[in-house]
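Please read the structure below before turning to the comments.
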Amino acid sequence: MPGGLLLGDEAPNFEANTTVGRIRFHDFLGDSWGILFSHPRDFTPVCTTELGRAAKLAPEFAKRNVKLIALSIDSVEDHLAWSKDTNAYNCEEPTEKLPFPIIDDKNRDLAILLGMLDPAEKDEKGMPVTARVVFVFGPDKKLKLSILYPATTGRNFDEILRVVISLQLTAEKRVATPVDWKDGDSVMVLPTIPEEEAKKLFPKGVFTKELPSGKKYLRYTPQP
């Protein structure tokens, strides 16, 4: 598991300096979902492509009541200067403003607290840098998803958006999403729901795939 947080743990209510000023994390989240994601260093190629894609997708996350906040071991001043490069990469006006804040963790306090450091990747002083961690928190401030990539492999933010849509759907409805599921695809009825109850819960219908075992656990229904 990435770092010091396990699924179901409450997010630490830390304070930090960011590109939009000082924040307290729980106040920043409010009643929203939240994604806290770390990157190794500013002014590096893979990180620029990642935050560029996150910026492009920010409106899609916002539509779903999801707040983004990034973190690295660089200073606020570096974050702001690098934001110009990131916007230029996106063929946008090279301003210091991204659609989400970036946390200044130059002392590595949060990276240590949250277990975000990559021991295999070090800076010019021989100190470990932050790995590519993703934490998704629900409106209850509890961890719903964690992903850990090494510094050398960029993340897929379209996949992170897909997962968030699944998390929100399955938090509200008694369904699960199958392999390669996309928003709008059929979903799976939880195996703990009796057949008669499933018919009432899912008026659009329930399709059961016949299997050699004779067990009726592969049940699909249109996305509620």
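Positions of Cβ are set from backbone N, Cα and C atoms, glycine also.
Per Swiss-Prot, these features apply:
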type	residues	note
DOMAIN	5-169	domain 'Thioredoxin'
SITE	SER32	site 'Important for phospholipase activity'
MOD_RES	THR44	phosphothreonine
ACT_SITE	CYS47	active site, cysteine sulfenic acid (-SOH) intermediate
MOD_RES	LYS63	N6-acetyllysine
MOD_RES	TYR89	phosphotyrosine
ACT_SITE	ASP140	active site, for phospholipase activity
MOD_RES	THR177	phosphothreonine
MOD_RES	LYS209	N6-succinyllysine
MOD_RES	LYS209	N6-acetyllysine
Roughly how many angstrom lie between the C-alpha atoms of LYS63 (N6-acetyllysine) and THR44 (phosphothreonine)?
-> 29
Under 8 Å by Cβ from THR177 (phosphothreonine), same chain, sequence gap 6 or more | SER166, LEU169, THR170, ASP185, VAL187, MET188
List the residues of the same chain that sit at least 6 positions away from the residue listed as 'N6-succinyllysine' in sequence and have their Cβ under 8 Å from its Cβ, in sequence order, or write 'none'.
-> LEU218, ARG219, TYR220
Rounded Cα-Cα span from THR44 (phosphothreonine) to TYR89 (phosphotyrosine), Å | 12
Minimal Cβ count within 10 Å, across the recorded positions SER32, CYS47, LYS63, ASP140, points to LYS63
What's the CA to CA span in angstrom from CYS47 (active site, cysteine sulfenic acid (-SOH) intermediate) over to ASP140 (active site, for phospholipase activity)?
-> 29
Between the residue listed as 'active site, for phospholipase activity' and SER32 (site 'Important for phospholipase activity'), the C-alpha gap once rounded to whole angstrom | 9
Would you count the other C-beta atoms found within 10 angstroms of the C-beta of THR44 (phosphothreonine) for me?
-> 16
